[in-house]
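**Q** Below you'll find the structure I mean.
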């Protein structure tokens, strides 16, 4: 019961933090257009890929593991699509299926090593991270643009919303819009959220992360659950890679560097415990939104270096990790 | 058969075999391309300094070797790795160069402050980073890799902030000595030799090595036996931070500038790889410093060989990742159990 309460407190802090940050943005940069609804939608558009990746990361972290290969996997997916349309001349649907298959295979290998060979998740996914980054370079060391017509169409597709627009200084009404990647991300969020709450697999993720021994005693196949968690993470990362490539429309070796850091910090800021067993998708989404708000605040300022966003995110991650540790200590003391 | 088994179970078997393997590949490659078969081992004196591929490996591998010393202690004590070392190296480079050049200066040929101030300040910051990592891991019980993830991201970012995202060049001859040559000998080799000597003496004349290993084998038992487990783990991370600083010192002096974006990039993988290749278990406990050092130079030899074979530096991580994967799979307990069970079955069959 206590565990639940402290987690709710963490989630509440997260939501409050987001609101405060956004309000601060409105107060400081209101004149630059931060008040527009579109600013919020842009955060969603820019971070659609990260939202998918974070959903996968949350599932893995629920089991008490971690997956730091995600950023490189996104880069590899982008490169596969870029090379696929320019050199292999594959149709778009085949490439999308292919990167999903790559995700399944990648997750299968990592999950097998972690669940059945009992190797530390961090070591295996770090090897995966460097493997994927290196494979991106093997495919091509230069930057390649995605020139395929289907991808261009999908990328430039604007879905206008019927509300929340504003009239610009010239007197024209500007309707707010989202892109296809946001819709994909929202579907991913809804599905994973539903899965975690209502399905057998989702519940067993919590059980395995909470206590492996009692999960085994309950008759759950712990290893199979872990394996599936890593597969799910890699597949969601591949979907995230697809969303990401729609934003950047190119493949390079330096793409999505540090995305694993953003995903982990989003999940942790969103209340997912590093020890596993506790966390929600909605919290992780707020984590991503906080990350997105930080970088858009840095962008709106215009004078700050981009590394400020990194520092603030790292600081927040530190803060929340310390908070988690403090809550854990309090729980321990209450038990005694 | 039993003799072979005794040999393969020796602690330094894995690192030495992989070292020999890499050298063999070099010999084969040289023979195939028509140069002298043993040109890998040739050491000559050119322009008054030692020259040759072996010297190159020893020289360029210095940073990895220094990092490997710290990483071995951390892995042994906490069963986790410090992934912030590469970023901390970059932070050292930024702090040192900005101190020496003055804030906002990007190119200088005179020191703004004495050299020793810059170096000491840089190393102090790195030790502080190690202390932060150690505090999180030892006193707040956070998983080592997650705790060090904070500095992995923030270290380089703070460095970039100090340098204003620019290169800072220090064009003073004395600054280049540490990464250059003393007489005919490359200085980095000397730095590594000093580090190893100090560390070995430290481990020999204090009980630190025993403490670290006992904490790594069983943290609770060590605490009950009267060791201050948390303080030992904390100390291990501080030592790792110090090593990262020293590695940063060599790397910065080598290019006489603060290239914060690239110094120490992916170095954490190399350091962890050397520890694993040295036959040390990544699950903590017993460690062999010699193994890690051989591992470090093997990795540098692999890198040098790959460049000689014409592999793009960006593609190199693929091969390293595969090597890591193979090593950890061999080390994995279920795999060991599987082979042990097979050997037992075979023995039963033979007896019957």
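Every residue gets a Cβ built from N, Cα and C, even glycine.
Curation plays no part in TrEMBL annotations; they are all automatic predictions.
OK, TrEMBL features for this one:
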type: TRANSMEM; residues: B:12-29; note: transmembrane segment
type: TRANSMEM; residues: B:64-83; note: transmembrane segment
type: TRANSMEM; residues: B:89-108; note: transmembrane segment
type: TRANSMEM; residues: B:115-140; note: transmembrane segment
type: TRANSMEM; residues: B:146-169; note: transmembrane segment
type: TRANSMEM; residues: B:181-203; note: transmembrane segment
type: TRANSMEM; residues: B:232-251; note: transmembrane segment
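Could you tell me the structural context for the features on the list?
**A** Within the same chain, residues 37-38, 40-41, 53, 277-279, 288, 290-291, 294-295, 297-298, 301-302, 305, 308-309, 327 sit at least 6 positions outside the transmembrane segment (B:12-29) and bring their C-beta atoms closer than 8 Å to a C-beta of that stretch.
Distant neighbours of the transmembrane segment (B:115-140): 78, 80, 82, 84, 88, 91-93, 95-97, 99-100, 147-148, 150-151, 155, 172, 174-175, 229-231, 233-242, 244-246, 248-249, 252; these residues of the same chain sit at least 6 beyond its ends, with a Cβ under 8 Å from one of its Cβ atoms.
Long-range Cβ contacts of the transmembrane segment (B:232-251) within its own chain (Cβ-Cβ under 8 Å, at least 6 residues beyond either end) map to 62-64, 66-67, 69-71, 73-74, 76-78, 82, 84-85, 88-93, 96, 119, 122-123, 125-131, 133-135, 137-139, 178-179, 188, 191, 195, 208, 211-212, 215, 222, 263-264, 267.
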**Q** Under 8 Å for C-beta pairs, could you tell me which stretch among B:64-83, B:146-169, B:181-203 has the largest tally with the transmembrane segment (B:89-108)?
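**A** Highest pair count goes to B:146-169.
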**Q** Under 8 Å between C-beta atoms and at least six residues away from its ends: which parts of the chain pack against the transmembrane segment (B:64-83)?
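**A** For the transmembrane segment (B:64-83), the sequence-distant neighbours (Cβ-Cβ under 8 Å, at least 6 residues beyond its ends) are 130, 133, 137-138, 143-145, 148-149, 152, 191-192, 195-196, 199, 212-213, 215-216, 232-233, 236-237, 239-244, 246-247, 250, 267-268, 270-272, 274-275, 278, 280, 282-289, 292-293, 295-297, 299-300.
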